Every structure is written in structure tokens, then in C-alpha cells.
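Asker: Take a look at this one; I'll ask things after.
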Amino acid sequence: MQEMRLFRRLIGRGRGRKQAVLVVFLIVAILLLGRLTARHEPVSEAGSWLKDAGRIPKDEYNVLLLARADRKSPWPNYAEPKWRATSEQQRSLNQVIKAALSQPNKKAKSNNAPLWAQRRLQVKAATKSAWDAYARDAFGSDEYHPLSHRGENMTKAGVGYFIADVLDTLLLTGLTDEYKRGRDHLASTLTFDQPGAVSLFETTIRVLGGLLSAYHWSGETDTKLLQLADELGGRLAWAFGTETGIPPETAQLRPSGKPQAYLSSTAEIATLQLEFRYLAKVTGKQQYRKSVDRIMDVIFKAPKYDGLAPIYMDATSGKFSGGEIRLGSRGDSYYEYLLKQWLQTRQSEPELLAEYEAAMEGVKKYLVALSPNQKLTYVGEIQQATSDTPYFNPKMDHLVCFLPGSLALGATKGRALSDIPPAQLSARNREDLILARELAETCMHMYLDTKTGLSPELVYFRHIDPATGKEAEFGKGDQLVQPNGDILARGNDRHNLLRPETVESLFVLWSITGEEKWREYGWSIFSAIEKWAKLPAGGYTSLNDITIVPPTREDKMETFFVSETLKYLYLLFSDSDSVPLSQYVFNTEAHPLPQFSWN
């Protein structure tokens, strides 16, 4: 041993006996210390990061806030809500980061694995119930009406709308027999060579996205699924042939002539890219990619309001149209896909990230507000953006509840906090995580503050106008969901379609933060769905008014309930690595597609 050789050299040089004894003592101490150290695991990398978990980058954040405040507003007369992350929220985030780093093994996040396994099985049973009812009453139909036990098609022959949309849910939940029946039906009977017009957006995200996801998750060997996707993509792509490249909102399955487009929804034209880009990747047909990239080029060049886009685009001029700006209907997935396109091609297209970050800066500066009583953080809307008197509207669609997940996804690029050195989180990343957590809590209030535990389609918030200091007035028909609360639900807005946006964000936040509360929130939503929306004979329905008990039913089971809501709940109750967010992007219909490189 090296230590003994050192000892012999010292003795050989005639050093004294005391010196020799001292050396022997030191050697023995070193050996014992080495053995003791060897008995313990080395300090983990995550453990070494804990020292940075308490840091709050105050100076960096102040610079960010000053830059935001100094940006010239496109509306001189608009009263900005002036949201910012508080010190308390910063400290709360640090506690989340510390907890994540203290338990870096993702599979050990839950202290009650058997409970979540049992709850996951209940979601699987719900998925089977929904499928079995559809298969019994309406198999092969595009839409399902469970109360009248019938199906309905969008074209005379149908376009596989329901089955294609739910195939990957059946696969991911382990319902292999059901998957095989649905897949075989599409393979043997579905053709897109038929007359009829379909929604370009809905058919792309549900049918094309569903076929591509099923193709991937079945091993990328099912050539029939890819053939169907290619056939559908080729027919839908006809709509991209306008002068500007901005498509109309409908596509002809048997195209003829040149498509004409006048006014198109911003969200719809900017929510085709994940699907057509992946189709280009797996077929090698780059024209698919070029067509949807051309749309983005037009959008990039079009003037915006400090990163924010109105909800319509004039397809003839390639400029935005109208004065409504919102992250709800007709606006939502435009912002979602800016980020997800960048992630899809492994962060290789910086212009997409730049557009996304500029948009989120606009959201924080002009749209994020705090309610006066419950102190709920929410995202409002801008009305009359083209006028001299634009104003803030404290209205928030349930659709906006996608945003917490997107913010968290953008902050960490899909990585769990347990895998990230805290020093790598910028002030903007931290702010995005804080805003994500606050907005998710608000989305949960939209559920938990009602009598049924289910959210209205959209809500309004009590709002103090920063310009006047007075609370905005509401009509007599408005209803406070909770006495002395801040959430109001108007008569026409109280329905619930079993939408997925909140559980989508809960899944993303659970995957990234490891906080158990997001799963408990998901269980609360699932329990309310089981209580009020499930039919005794199987299947589920939408609900007309969730502020009364029991709520009345609507004769419709939306495909997105199975495709999205149940899928996200199943994944929320599963191992967080089931579909790694650092390797996949979910399209806006919850179809997980793999990230890839073009080369």
C-alpha cells in the first residue's frame, strides 16, 4: 500500500520513534476514515444543488420587471394590471425546488404508490366504460350521443373522428383489445376519398394527430395507419394553396380549384404545425412541413400588440384583424404551439422561442390580474384593441387553463425540477413557474368553488379597475359561485363539456414539480365526473349547469373527453416517466408525438 511505503521511507531515514508512531497513527486514521466513507453513498448531484435552492435572484428579476415596465405600450390609455411575482411566492417556489431535489428519484415522488395505482385503474375502467358505450351504440360514427344511444357523422360516410381520436388513449391505458377493434375498423373501412367539407383545424388535431400518435405508440410499424394519415394529410393540404398560404377554416376532402380564405381564426391556422411537421418527418414529404412553416412566416411578419395577437387573421392581406385579444377560444393554441414547435424539433428553431417569450411578456404585462377578495391570479382579455379606448375584460375561459402547463413546460423544457441545478433557472423561468402554479390554483377554484365540483365553461372575476379604483359592475343574472368570492358564472356559461385543459396542466405540473397536490386535485375532478357525468348504463355526458345539484345532462360525449381528459388523468396517476415531457410534445388534442431532428 502507498501509505506503508511512505511509512518505511520515513523510518528508513532515521526519523525518531515518536515520529514513526505519529505516522502510524495518521495512517490508521486515514484508513479508518476511508472505510467509513466507503460505507456511505457519495453525495448526489441533486444534493449538492440544495445550497442554491434558497436563492432568489432579486436583482435579475428587478431588471426583468424594469424592462417590462419600460416597454412602450401600444395602448397609451390602457390601464395595465401590473402583476408581478411576490417575495412570498418566490420563497414558496424555493420550497418546491428543495423538496424536488431532496427526492431526486422520480419514481419515489409518491408516498402512496398503491393508492395511485388503484386510482389509475379507476381511470382505466372509466375509459373502458366510455368506449364500450360508444361501441355498443355508435361504433364507427364520428360523434356519440349517449342519452339517445345513437351516433352521427360529419360527412355521409364519416371520417373516423371518434375512433382515430381515442386510439392512443386505448393503447396508453392498456386496453389492447379495444384498440385492435378500433384500429382494424379504420384499416378496413375508412377512406377519405369522399365528398364533403371538414374543419381543417379539428380534423388535423383529432384525426390526423390521432392516427400519427397511434402509429408511433404502436411501434411505427403499422403502415396502414401511416397510409391513412398520409392520405388525409394530402387532402387537407389543399387548403394551404391560397395566395398568402393562410388556409380557410374548412377543407374539401375532394379538392377542386383554388381554396379561398377571407377571415381565419388565429388559433386554428397556427395549430396545424406539430401534426404536419411530424407527418413530413415520417413520410419524407417535406411539402407538408413547408406549407405549415409558410403560415408561421406570415404570422411572424404580421404586426402584433407587444407580442399579443388578435384572434383573427385576414387571409388576403396576411395581417391580424379585429380588436379582441385573448388566450381563450380562437387564441389559445396559437401560444401553445409557439413553444411546442420549438420543443418538437429539439429546440433547434430559435425564432419560435423568441415569439413565445415575447407573447408571454405581453400576457404578463397586459392580461394577468389579481382578484380583490380571494386573491386569485387569472388571465383576462383585451377588448377594442384597435381603438383609442381599449379595456381589460375580467373574463377567463376554461380553455385558458392550458396555460399553467405551457408556462411550466417552457420554464424547464419538460425537465423535472429534480434534474435541474437551481442556478440554471433564470428569473424568467422562476416567474413562469410561479405564474403557472398560481394560475393552476385559480383553475382549481373554478372547480372546487361550485356545488358540483366541476367548472363552468367560462367565468368572470370581480375586478378593481386600476384607473378608477372602483369595482366593475355586473348584471343581475350573474351568480357568485361562492358567497363573498370572486368568481362569477353567467347563465349561458355554466355548462361543462368535460374539458381537459385543467387536468392537462395538473399532469405537467406534477411531472415537473413532483408536488402531490396536483394529483389530489386531479382526483377531485375525476371523482366529480364520476358522480355527475357518468351514466348508469355506461358512458358519460356533458352537463348543462354545474351550479345546480344534480346538474342536467346534455346528449353528447365529446371525443376529447376520452382522447384528452381521461388520458391526462391516467398519466397524472401514473409514473411521471410514462410519457417523458423532455422527449414528447402533446398536440392540442393530447396526442403525444416524439421530438425529433430534421437531419
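Just so you know, the numbers here start at 1 and follow the chain as drawn.
A Cβ is built for glycine as well, from the same backbone N, Cα and C atoms used for every other residue.
No curator has checked TrEMBL annotations; they are predicted automatically.
Found this in TrEMBL, in case it helps:
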| type | residues | note |
| --- | --- | --- |
| ACT_SITE | GLU202 | active site, proton donor |
| ACT_SITE | ASP332 | active site |
| ACT_SITE | GLU457 | active site, proton donor |
| ACT_SITE | GLU501 | active site |
| BINDING | THR588 | Ca(2+) binding site |
| DISULFID | CYS401-CYS443 | disulfide bond |
Asker: For GLU457 (active site, proton donor) and THR588 (Ca(2+) binding site), what Cα-Cα distance in Å is obtained after rounding to a whole number?
Answerer: 18
Asker: Give me the CA-CA distance between THR588 (Ca(2+) binding site) and ASP332 (active site), in Å, as a whole number.
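Answerer: Given the Cα positions, THR588 (Ca(2+) binding site) is 10 Å from ASP332 (active site).
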Asker: I'd like to know which of the recorded positions GLU202, ASP332, CYS401 sit within 10 A of GLU501 (active site) at the Cα level.
Answerer: CYS401
Asker: I need the CA-to-CA distance for GLU202 (active site, proton donor) versus CYS401 (disulfide bond), whole Å please.
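Answerer: With distance taken Cα to Cα, CYS401 (disulfide bond) is 19 Å from GLU202 (active site, proton donor).
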Asker: Between CYS401 (disulfide bond) and ASP332 (active site), find the distance joining the two CA atoms and give it rounded to the nearest Å.
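Answerer: ASP332 (active site) has its Cα 10 Å from the Cα of CYS401 (disulfide bond).
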